[in-house]
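Engineer: Annotation comment: TrEMBL describes 32-44 as compositional bias 'Low complexity'. Per TrEMBL, active site, proton acceptor is recorded for Lys135. As annotated by TrEMBL, active site applies to Ser187. The substrate binding site annotation in TrEMBL covers Lys293.
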Amino acid sequence: MVDWLGVRASRVGLVALLSAGTVGLVPPAPPATAATPAPRSTAPDTSGCPHRERPEAAADTSEVVAPGSSTPTPPPAPSKPAGGQKMAECGIVAEDGFVVPDILASAWIVYDLDSGEVFATKDPHGRYRPASVIKGLLALEVAERLKLDDPAPVSLDSAEAEGSAVGIHPEGTYTVRDLLNGLLLASGNDAAHALAQLLGGDADTLKAINARARSLGTQDTYAATYSGLDAPGMQTSAYDLALIYQQVFSNEVLLPIFATDHVDFPGWGDRPGYELWNDNGLLYNTEGGFAGKTGYTDDARHTFAGAVERDGRRIAAIVLDTTVDKGRAWEQAEALIDAAYATPEGSEPVGSVRNSLKPADGQDSVREVTSPTRDADAHSTGLGSGVVTGTLALSLTALAVLVVAGVAFAVRRR
């Protein structure tokens, strides 16, 4: 099995270092405060519902509230969690015949993307940080509100956005499609920032994606940033992300992008364009893999949403708060999906992923979102699977310098 993400990270380091001397392309990565999660040999025990109301305390300063601000009020823990009676449990629940794989995630869910049937889950309504999988909400906003072929001007603020970068620049010429490619294929926070400006700016975009999450029936989600960077109040659950990605992985605008292995991404000035590769391991390694979104921050640890189609049936998995001691996050999702396909037909589902919280009688049943934290205020380091990639014509001298410098390639925020 080819470790595409590891190969891509090596390419990423060289290109980022080449560009470091140019203002706005890829700013130097700040020192990582805790680049590697503590190793795990088993998944955390969640049977006591430790995350029913909020995620565990942050390990870094990403959620320190700015002077004069307050931590957003989290959504109240529902007395009746959505999805069915068994979705209120915090340990593992599974259909008869579902063989639970040995994975390390604190929370996960595997379900039929179309019927909503839940094959198995662990701590479905426990609250965790999503990292970049929250970008699915931003992608839905873009798909519904912007035209892909419209021009998309880029500011220096966008080019210098904190975290993983696809490599945009104010001198470049881009379309909405280009930025959406950068958002979904390489998890570019610079692309996320640029798209948010087209949607009305940071505050309006955060308000919109939180409203969208509520409209989908989520009970545990508050998006403090649209990129996935950690910030005060950031949280979601495996069940909520299943609801969100039920829409994301069915969107006719987004699906062709998810299914693309690479695209040609525009350069700028005298910088040539380059190939931008999809960072979803399911696409390259899994039979029927057609969509996926990666995520990582120090406090969220590894997260993933992915989907597979076999024999006309689409099955998806959400993985939250995991480490890579026994395989990458996409491999853990793959194991869950394989187990679902192997489950005998006729077993009773343990729950259902469906929007059961629609307002009744024309009344708006969702809570107001408190004033959002600006996306740029988040502080969290992350794995560099979503930074600049590309094919550059390098001289032998330049390449030698880059290889030496590549030893110092830092883990970037995402």
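Note that Cβ sites are derived from N, Cα and C of the backbone, with glycine treated the same way.
Predicted automatically and left uncurated, TrEMBL annotations should be read as such.
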Engineer: Count the Cβ atoms, other than its own, that fall within 10 Å of the Cβ of Lys293 (substrate binding site), considering every protein chain shown.
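Structural biologist: Cβ-Cβ neighbours of Lys293 (substrate binding site) within 10 Å number 31.
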Engineer: Based on DSSP, name the secondary structure state of Lys135 (active site, proton acceptor): helix, strand or coil.
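Structural biologist: Reduced to three states, the DSSP call for Lys135 (active site, proton acceptor) is helix.
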Engineer: Using C-alpha atoms only, work out the spacing between the residue listed as 'substrate binding site' and the residue listed as 'active site' and round it to an integer in Å.
Structural biologist: 8
Engineer: Measuring Cα to Cα, tell me the gap between Ser187 (active site) and the residue listed as 'active site, proton acceptor' in whole angstrom.
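Structural biologist: Here the two Cα atoms are 8 Å apart.
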Engineer: Return the residues near the residue listed as 'active site, proton acceptor', defined as same-chain residues 6+ apart in sequence whose C-beta is under 8 angstroms from its C-beta, sorted by sequence, else 'none'.
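Structural biologist: Within the chain, the residue listed as 'active site, proton acceptor' has Cβ neighbours under 8 Å at Leu183, Leu184, Ser187, Ala192, Tyr226, Ser227, Gly228, Lys293, Gly295.
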Engineer: CB neighbours of Ser187 (active site) within 10 A?
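Structural biologist: Step by step: centre on the Cβ of Ser187 (active site), count other Cβ atoms within 10 Å, giving 32.
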Engineer: Can you tell me the three-state DSSP label for Ser187 (active site)?
Structural biologist: coil
